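Novice: Pulled these from TrEMBL:
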type	residues	note
DOMAIN	8-339	domain 'Acyltransferase 3'
DOMAIN	399-605	domain 'SGNH'
TRANSMEM	12-28	transmembrane segment
TRANSMEM	34-54	transmembrane segment
TRANSMEM	75-96	transmembrane segment
TRANSMEM	137-159	transmembrane segment
TRANSMEM	166-184	transmembrane segment
TRANSMEM	227-248	transmembrane segment
TRANSMEM	254-273	transmembrane segment
TRANSMEM	294-314	transmembrane segment
TRANSMEM	320-342	transmembrane segment
TRANSMEM	354-375	transmembrane segment
Amino acid sequence: MSSIKYRAEIDGLRAIAVISVIIFHLNSNWLPGGFLGVDIFFVISGYLITKIIVTEIENKIFTYKNFYNRRIKRIYPIFIFIMFFTSIVGALIFTYNDFNTLRKGIEFSVVLSANIFFAKSQGYFDLDITSNPILHIWSLAVEEQYYLFFPLLVILIYRKSLNKKLLFQAIMILFFLSLASTFIPSSYYTKYINTYYLPQLRFFELLIGSGLSLLSPYKGKGGGNYLIIADLISFICLVLIIYCFFYYSEKTLFVPGIALLIPCFLTAGVIYFSQSGKVIKNILSLSFIVKIGLLSYSLYLWHWVIITIFNYVLGNVSKSILFITLQGVLTFLLSFLGYYLVEKPIRYRKISFWKAFVYIYLIPSILIVGMNYLLRNHIRKIDRQYTKEDSLVIENTLPSKVLMIGDSHADHLSFFLDYVGKKEGWKADIININNMGCKFPIDKNGSIIQSESCLSVMNKIDKYPVIFISFFYDLYSGENPVPRSDPLSYREKNFYLKLQNFVRFLAKDKQVYVFSNIPAISYSPLRILHLKPFGLDKYLPPITSIGDIKSSNDKIYNTINNIPNVHWVDLLSFLPTEYNIDSGPIYKDQDHLTPIGSYNIGYKFSESQILLPKILIEEINSEKR
């Protein structure tokens, strides 16, 4: 009966992988290619999992229950413990939007699909990437998805035939299919904002490890020279891996893709040749390196949680040597405790698959999803109290003769319109035409686009004699930084021309008012209010604006300025200089006003400005129109 021999040097390689990832996340300038540690993990995982399955099939002891029992006991206890920890900390210091993103990510994590969630939604209202405590779980999800389909493949091909050559050929076919998928343009994946997390673009890395596990140990052509050759090749591979850590960066092309073949094959080289040599095997098997490798799973899970919490509270200050040192110490301390108190005791406990499934996976998963749902509702109440969303009401019983159209930057001007409209004697409805599937219903020739959604938009617009327009212009122009993790995905081709054609068409028989934009900011002022009870708000860096809002507004103004019946509404000069005023925060996230902020701008505006002239108000409120 064959057996799987423990290879300490693989734990040593794990140590190198996890340390590289931690250094990269602490400060990417120190090790710009440190993210490759994840790819090293993929190769190692593919190698070990295939080795285990094939050996158990050969010994006729493989069962799905035993396989997934080990997976649950190995992966889930410390994972779910850290998810509970992260949820509780998040509930204490996160704003509602931030916690809701965390909650959704955890829900997808417990069903092994966090990477799909991040690929689809890492964008619009999401946590800043550097402040999302569970973003790193994407790689764990990729591995688990691989573990779902790969054992079935091995069983179908290998259980009856015991033909390693046939299995290797099947693995190579899948390898090339996965690699080929990385050449498909991102635009093909219309449902995904960020293809970086997609499993099919990563499986080729695990398949390298799987294929490697089927090869016989290197013995050269006989004689003792093979030891020297094995040591030399494994040494060169290890040195080149370390070189890749410095040469690669986040800007490296074809990541994920063919650029990752180099570090993955180098990792395979270390795994394959070190078992036949002595030097690299002995180096990677040093006691302190192996101990780090044994902690690598806990280290990987804990490090990003710690780093992102520090980032959330301290911003760039968390990158100081003092705080980086503190983050490193906390990571190792919590990982050590987690390994010996949670991970190791449960991993080696003998329990049945069904007990592991119910008591380790199912019940904790249900508990954390339920807990986070309750916490979300609690945090939402707190935020709504801060922003006065339930208490600020402006009664306006006039008939609606004005229509505000746009996106969420039209919606957030609701209280501005209510206050100014009531004071001047008019009322406005708001329609988010972004949600109707037709942002700009006029084509380049000035004609209405004959689609159902565009015709629906124009039918609604036709009912109103006065039109207000407000968009998050910078999001669609792509010319200014915006608080989105993948801003180019929102870019609208020929945006200024489309806006101009739309405004010109409307202005043929309507009065059109185009509103300026407000600046996006570095973080929500609600974060200050959430951290204040713990005395942590004093560590936050000052809120700053993002990009050049004046230049951006000037470009919009110049786009519509010479069109008859079109008026420019400049809100920028009425925006409070403080982001938290006496009555509350004026922003609810990085670019949307709170009811207080919207109301305050309306109040300031009305002190010195008139939005609609009296003659126009009388005209639209009369029976003539």
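Glycine is no exception: its Cβ is also placed from the backbone N, Cα and C atoms.
Locate each feature and note its surroundings.
Specialist: Within the same chain, residues 102-103, 106, 109-110, 133-134, 140, 144, 297-298, 301-302, 305, 309, 312-313, 338-339, 342-343, 346-347, 360-361, 364-365, 368, 371-372, 375-376, 378-380, 382-383, 524, 526-527, 530-531, 534, 536, 589 sit at least 6 positions outside the transmembrane segment (75-96) and bring their C-beta atoms closer than 8 Å to a C-beta of that stretch.
Proximity of distant same-chain residues to the transmembrane segment (137-159), defined by a Cβ-Cβ separation under 8 Å and at least 6 residues beyond the stretch ends, is recorded for 38, 41-42, 45-46, 49-50, 53-54, 57, 62, 64, 67, 71, 75, 79, 105, 108-109, 112-116, 118, 166-167, 170, 174, 197, 199, 202-203, 206, 210.
Counting same-chain residues at least six beyond the ends of the transmembrane segment (166-184), those with a Cβ under 8 angstroms from any Cβ of the stretch are 54, 153-154, 157-158, 200-204, 207-208, 210-211, 214, 254, 256-258, 261.
Residues 11, 14-15, 17-18, 21-22, 25-26, 41, 75, 78-79, 82, 85-86, 89, 93-94, 98, 128, 130-136, 323, 326-327, 330-332, 334-336, 338-339, 343, 527, 531, 536, 539-541 of the same chain, all 6+ positions outside the transmembrane segment (294-314), place their C-beta atoms under 8 angstroms from a C-beta of that stretch.
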Novice: Ranking 34-54, 227-248, 320-342, 354-375 by the number of C-beta pairs under 8 Å to the transmembrane segment (254-273), which range is first?
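Specialist: Highest pair count goes to 227-248.
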Novice: What same-chain residues lie close to the transmembrane segment (320-342): Cβ under 8 Å, and 6 or more beyond its ends?
Specialist: 22, 26-27, 77-78, 81-82, 294-295, 298-299, 301-303, 306-307, 310, 314
Novice: Could you tell me what the rest of the chain brings near the transmembrane segment (12-28), counting residues at least six beyond its ends with Cβ under 8 Å?
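Specialist: Sequence-remote neighbours of the transmembrane segment (12-28) are 34-38, 40-41, 44, 241-242, 245, 249-250, 267, 270-271, 283-286, 289-290, 292-293, 295-296, 299-300, 303-304, 307, 319, 324, 327-328, 331.
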Novice: Any residues 6+ beyond the ends of the transmembrane segment (227-248) with a Cβ under 8 Å from its own?
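Specialist: Here the qualifying positions are 16, 20, 31-36, 40, 218, 220, 255, 259, 262-263, 266-267, 269-270, 272-274, 276-281.
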